[in-house]
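Participant: Structure in structure tokens, see below.
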4 protein chains.
Amino acid sequence: MRVGVLGARGKVGSEVCTAVDAADDLALVAEVDQGDSIDTLVEAGAQVVVDFTHPDVVMDSLEFCIDHGIHAVVGTTGFDRNRLDILGDWLGKSPQTGVLIAPNFSIGAILMMRFAALAAPFYESVEIVELHHPNKADAPSGTARRTAELVAAARRDAGRGPVPDATSTGLDGARGAVVDGIHVHGLRIRGLVAHQEVLLGGVGETLTIRHDSLDRVSFTPGVLTGVRQIADNPGLTVGLEHFLDL
Amino acid sequence: MRVGVLGARGKVGSEVCTAVDAADDLALVAEVDQGDSIDTLVEAGAQVVVDFTHPDVVMDSLEFCIDHGIHAVVGTTGFDRNRLDILGDWLGKSPQTGVLIAPNFSIGAILMMRFAALAAPFYESVEIVELHHPNKADAPSGTARRTAELVAAARRDAGRGPVPDATSTGLDGARGAVVDGIHVHGLRIRGLVAHQEVLLGGVGETLTIRHDSLDRVSFTPGVLTGVRQIADNPGLTVGLEHFLDL
Amino acid sequence: MRVGVLGARGKVGSEVCTAVDAADDLALVAEVDQGDSIDTLVEAGAQVVVDFTHPDVVMDSLEFCIDHGIHAVVGTTGFDRNRLDILGDWLGKSPQTGVLIAPNFSIGAILMMRFAALAAPFYESVEIVELHHPNKADAPSGTARRTAELVAAARRDAGRGPVPDATSTGLDGARGAVVDGIHVHGLRIRGLVAHQEVLLGGVGETLTIRHDSLDRVSFTPGVLTGVRQIADNPGLTVGLEHFLDL
Amino acid sequence: MRVGVLGARGKVGSEVCTAVDAADDLALVAEVDQGDSIDTLVEAGAQVVVDFTHPDVVMDSLEFCIDHGIHAVVGTTGFDRNRLDILGDWLGKSPQTGVLIAPNFSIGAILMMRFAALAAPFYESVEIVELHHPNKADAPSGTARRTAELVAAARRDAGRGPVPDATSTGLDGARGAVVDGIHVHGLRIRGLVAHQEVLLGGVGETLTIRHDSLDRVSFTPGVLTGVRQIADNPGLTVGLEHFLDL
């Protein structure tokens, strides 16, 4: 598989280049960044591109790729309903081409969310703890919020009521933030990177699912999974979880 | 649903009686133990029996139940290939009746094994740590061995080779026992009950799945799940995991 | 050592009786509860009493014990400044007698608090997570609050400023309650008993101290430690930590 | 305080330079490596040197420093009894000068070992789990072995017998390696860096002390602690723990 990278000199893109280069079954044929011509992709015979660039330029790049029948694996942010609809139209005219838009390429984070949702119907209690370095601006993290929504939906579907909680006295904030009825706690500790724990409990037992991301490169296996599967999945796919056989 | 319990005065059976009694949708109609007549089940109109008795008597009880069209949820041990074949024959003559044979009724343990197997293909490394009270006679635990086998099979199916391990010098036992190529470590600590952790790791991230069983009663939700679903699952089922929608 | 127990038929007192009885170096000589005469202690030759009774009666019992030169290990609550002063006066007239008043007999909880305070000066960040069953009424737990106060004091003594936290956007409660500048998070999960984790972090590393109390009997070793040391520690002692060689 | 670094261009030494430079109370006045003259230290007026070099050259460097009354904080390995005796002799002739030899500058690792030893007398059970990346050659780690020795010594001093363990059947290695009677387990997982957990347990409760080293730079606070205190501690000190107020 011949792979091109858009945003090849960025922090993320350069890690992608390294990972593609190291994979036996993939060939890195084009490294494109600001100032380079996107035509390089065609000249180099790229079959798949990986795009970690900027919301301002990603749509133009994707139109070019789809026009030329090049599959795309996209980590750039900013895809709202409108943009996804436009992509759908373009892909309708190039039915063999696949585009994967993924907000999160960490396989561990995706597995954690999936397992939490699968387990949720079986447990009376569930809470989420996310732990990050203290320079993070938002609390709770986006992944923790998303996990809470998925867990809450799984509980609703299973007919489960609210989580038990007899707290009647205490300090503000002691029980965390509440997202869709699920308590979420955010810790900020120097030395940590990005970590999350989902705790589920029933009478006499608990189940804990924990994801530790210790290094930025942890997203590269997810990108490679996308690259390897996109040719077999024409059309628009949103979320890497659809390419994991869970 | 009208439920009878065989082995009702045993340590496990009495917990089952308490749990059935407490469930709104179940009625405890017969409590049978040594010295009681099994005919009580029929007289009481039991639709399902739960059997936590002894390998010496369980086959006779099951023959009786199947003959009378009573479904059975069985936690008694000792079911080899031969016994399962005999059960299959009996059930062939009573096609509406269901029998569930389960070595493990802990939903948490089943989820842990299932999630470990689902995640295994995505990670280069995986190891298992089981932690129990120090009165336990065997190491590693049966659940840890079973988890190792399931994880090893999932890796083989995904084409994964051996786990990476550069250990070239050290002390005997430092890297644990090896089950099907998977390293398994057993801790024995006063104060603990029954706990297991599966650690999976790839470049820059780890995923940990942990089950803590803190009280013997943790198996009762699994038994009730079996009771509630057995009527809709005629024939022989081995393993509660088939009744969990995973 | 001849030991008497006041409140011997209570939930805690009866566990104390069992533990004293099982200890080779201690003899259980008197079990006193409501309706029994306290004179039994003298008749039985008790050298030490353990008191887990009620704030309404504990002062009368202690006056009796001190008058008779019987040492006391006290888990009953309700000792304010005024009561401690009165005890001090009584003990002044019986200088060989010792009284230990302890709000917490869990050695593990005491070690956790002590280690957290010892480690606090070395770390930029510290947060506390306490986890309990969902029937608990207060959040955060008293132990978590006390740990936060001890950690905050240790940081102040070491000249440490506030913990780093760049949170600028988020949901109410996401960062927990704040006790003396320390963030404290309370989880309520069915299946748990009483657990606490103190996380400390500096550049590139974290240190975690965790205490899990899985069974009510975990306080008995602390009570026995008090019983064995009280005779060598005449006068009033508040807090079991003074009898642990830390 | 004016600080010189020997081995300034090495992987560790360059991190030390960065950390000294960033500290308000320290001035980096000399960066010396192979090919540079050690006289630079004197010319630059260094009061303390940090040495992360090689066993072949460290003794010559230290003789020079002690001769010139420059304090030394040394992370270079290879100090046996004989070398320490020689250092002692040299320091005898320069009684105001201090030398710190430390095999481990991680404050977290030192605290973990210290707390484990302090807690050991109070618990019936204790085991050690160390977790590292799979490229590590030895198992168990040196820190785990050292922790086991310290814990074993603390148990002996407290009159504690062997840890309880009823294991009578199982697989080789399941119970780990045994160091001084303490079970030690080594895990090797891709994605991990260097981690260790000490689990202690008694009736109904457990205490866990865990150290996670996620980045190589975690040793620099320990080096700076040595630099700041060495002038007040003339003579030879072996082990950073003597400079931590525990």
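Glycine too: its Cβ is placed from the backbone N, Cα and C atoms.
TrEMBL annotations: computationally assigned, not manually curated.
Found this in TrEMBL, in case it helps:
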type	residues	note
DOMAIN	D:1-105	domain 'Dihydrodipicolinate reductase N-terminal'
DOMAIN	D:108-244	domain 'Dihydrodipicolinate reductase C-terminal'
ACT_SITE	D:H132	active site, proton donor/acceptor
BINDING	D:H133, D:G142, D:T143	(S)-2,3,4,5-tetrahydrodipicolinate binding site
ACT_SITE	D:K136	active site, proton donor
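In terms of burial and nearby residues, how do these features look in this structure?
Facilitator: Over the domain 'Dihydrodipicolinate reductase N-terminal' (D:1-105) the predicted model carries a mean pLDDT of 96.
Cβ contacts within 10 Å of D:H132 (active site, proton donor/acceptor), excluding its own Cβ and spanning all protein chains shown: 24.
The Cβ of D:G142 ((S)-2,3,4,5-tetrahydrodipicolinate binding site) has 11 neighbouring Cβ atoms from other residues within 10 Å, across all protein chains displayed.
Sequence-distant contacts (6 or more apart, same chain, Cβ under 8 Å) of D:K136 (active site, proton donor) comprise D:R188. According to DSSP, D:K136 (active site, proton donor) sits in a coil region rather than a helix or strand.
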Participant: Which recorded positions among D:H132, D:G142, D:T143 have a Cβ sitting under 8 Å from any chain B Cβ?
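Facilitator: The recorded positions close to chain B: there are none.
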Participant: Roughly how many angstrom lie between the C-alpha atoms of D:T143 ((S)-2,3,4,5-tetrahydrodipicolinate binding site) and D:H132 (active site, proton donor/acceptor)?
Facilitator: 12
Participant: Can you give me the residues near the recorded (S)-2,3,4,5-tetrahydrodipicolinate site, meaning same chain, not D:H133, D:G142, D:T143 themselves, Cβ no more than 8 Å from the center of the site's Cβ atoms?
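Facilitator: After dropping the recorded site residues, what remains is D:E130, D:H132, D:K136, D:D138, D:P140, D:S141, D:A144, D:A194, D:Q196.
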Participant: Name, in the order they occur in the sequence, the residues of the same chain whose CB lies under 8 A from the CB of D:H133 ((S)-2,3,4,5-tetrahydrodipicolinate binding site) and which sit 6 or more residues away.
Facilitator: D:R188, D:I189, D:R190, D:G191, D:L192, D:V193, D:A194
Participant: Could you give me the DSSP helix, strand and coil counts for the domain 'Dihydrodipicolinate reductase C-terminal' (D:108-244)?
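Facilitator: Tallying H, G and I as helix, E and B as strand, the rest coil: 50 helix, 44 strand, 43 coil.
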Participant: Counting every protein chain present, what is the number of Cβ atoms, excluding its own, within 10 Å of the Cβ of D:T143 ((S)-2,3,4,5-tetrahydrodipicolinate binding site)?
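Facilitator: Other Cβ atoms within 10 Å of D:T143 ((S)-2,3,4,5-tetrahydrodipicolinate binding site): 22.
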Participant: What's the CA-CA gap between D:H132 (active site, proton donor/acceptor) and D:G142 ((S)-2,3,4,5-tetrahydrodipicolinate binding site) in angstrom, rounded?
Facilitator: 12
Participant: What does the DSSP secondary structure composition of the domain 'Dihydrodipicolinate reductase N-terminal' (D:1-105) look like, as residue counts for helix, strand and coil?
Facilitator: 41 helix, 23 strand, 41 coil
